[in-house]
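S.K.: Sharing a structure here in structure tokens format.
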Amino acid sequence: MVLSPADKSNVKAAWGKVGGHAGEYGAEALERMFLSFPTTKTYFPHFDLSHGSAQVKGHGKKVADALTLAVGHVDDMPHALSALSDLHAHKLRVDPVNFKLLSHCLLVTLAAHLPAEFTPAVHASLDKFLASVSTVLTSKYR
């Protein structure tokens, strides 16, 4: 999916508003995913998946850091996320549909925390961005 200059601007501005809350929002999105789509828990059998767990917070920070990297390299996400794509495809073997589920939960989390900034245009841009990230992360599956 091609991001327009307006999409890139919207994504960078929205992610800039996330600021120091990125890890917190990442963890919240994971919790939403585990509650809404319980089958996603199977990839985390060794985690304490309870609300506020240190492991979920830690993984939420990893998710947020990866998204921050993607935002910073929006014009070259395949290169920037190559190692992460390898990890998920070859070692973790995550079902690609789970990226879409997490993307949805991230959108809900961002909308809940940034209602003024979450305009229809920003929503559409973030959705396209997360779909692009998902495409990059699943590219090594083929």
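Keep in mind that glycine also has a Cβ here, set from the backbone N, Cα and C atoms.
What Swiss-Prot records for this protein is below:
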- 2-142: domain 'Globin' (DOMAIN)
- Ser4: phosphoserine (MOD_RES)
- Lys12: N6-succinyllysine (MOD_RES)
- Tyr25: phosphotyrosine (MOD_RES)
- Ser36: phosphoserine (MOD_RES)
- Lys41: N6-succinyllysine (MOD_RES)
- Ser50: phosphoserine (MOD_RES)
- His59: O2 binding site (BINDING)
- His88: heme b binding site (BINDING)
- Ser103: phosphoserine (MOD_RES)
- Thr109: phosphothreonine (MOD_RES)
- Ser125: phosphoserine (MOD_RES)
- Ser132: phosphoserine (MOD_RES)
- Thr135: phosphothreonine (MOD_RES)
- Thr138: phosphothreonine (MOD_RES)
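Each of these features: where is it, how hidden is it, and who are its neighbours?
M.R.: Mean model confidence for the domain 'Globin' (2-142) is a pLDDT of 93.
Under the DSSP three-state reduction, Ser4 (phosphoserine) is assigned to coil, being neither helix nor strand.
DSSP gives Lys12 (N6-succinyllysine) a helix state. All protein chains included, Lys12 (N6-succinyllysine) registers 14 other Cβ atoms within 10 Å of its own Cβ.
Counting only residues at least six positions away in the same chain, the Cβ atoms of Val18, Gly60, Ala64, Leu106, Thr109, Leu110, His113 sit under 8 Å from the Cβ of Tyr25 (phosphotyrosine).
In three-state terms derived from DSSP, Ser36 (phosphoserine) belongs to a helical segment. Packing around Ser36 (phosphoserine) is summarised by its Cβ count: 12 other Cβ atoms lie within 10 angstroms of its Cβ, all protein chains included.
In this view, Lys41 (N6-succinyllysine) is surrounded by 13 other Cβ atoms within 10 Å of its Cβ, with every protein chain counted.
With a cut-off of 8 Å between CB atoms and residues at least 6 apart in sequence, the same chain places Val56 near Ser50 (phosphoserine), listed in sequence order.
Cβ environment of His59 (O2 binding site): Gly26, Ala27, Leu30, Phe44, Phe47 lie under 8 Å away, each six or more residues apart in the same chain.
In sequence order, Val94, Leu137, Thr138, Lys140 are the residues of the chain that are 6 or more apart from His88 (heme b binding site) and have a CB within less than 8 Å of its CB.
In the structure as shown, the Cβ atom of Ser103 (phosphoserine) sits within 10 Å of 19 other Cβ atoms.
Thr109 (phosphothreonine) falls within a helical segment according to DSSP.
Close to Ser125 (phosphoserine) in the fold, though at least 6 residues off in sequence, lie Leu3, Ala6, Asp7, Lys8, Asn10, Val11, Ala14, each with a CB less than 8 Å from its CB.
Secondary structure from DSSP puts Ser132 (phosphoserine) in a helix. Residue density at Ser132 (phosphoserine): 20 other Cβ atoms are found within 10 A of its Cβ, drawing on all protein chains shown.
The number of other CB atoms found within 10 A of the CB of Thr135 (phosphothreonine), across every protein chain shown, is 15.
Using a 10 Å Cβ-Cβ cutoff, Thr138 (phosphothreonine) registers 19 neighbours.
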S.K.: By CA-CA distance, flag whichever of Ser4, Lys12, Ser103, Ser132, Thr135 among the modified residues is nearest to Lys41 (N6-succinyllysine).
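M.R.: For Lys41 (N6-succinyllysine), the closest Cα among Ser4, Lys12, Ser103, Ser132, Thr135 is found at Ser103.
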S.K.: In whole Å, note down how far the CA of Ser4 (phosphoserine) lies from the CA of Lys12 (N6-succinyllysine).
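M.R.: That separation, Cα to Cα, works out to 12 Å.
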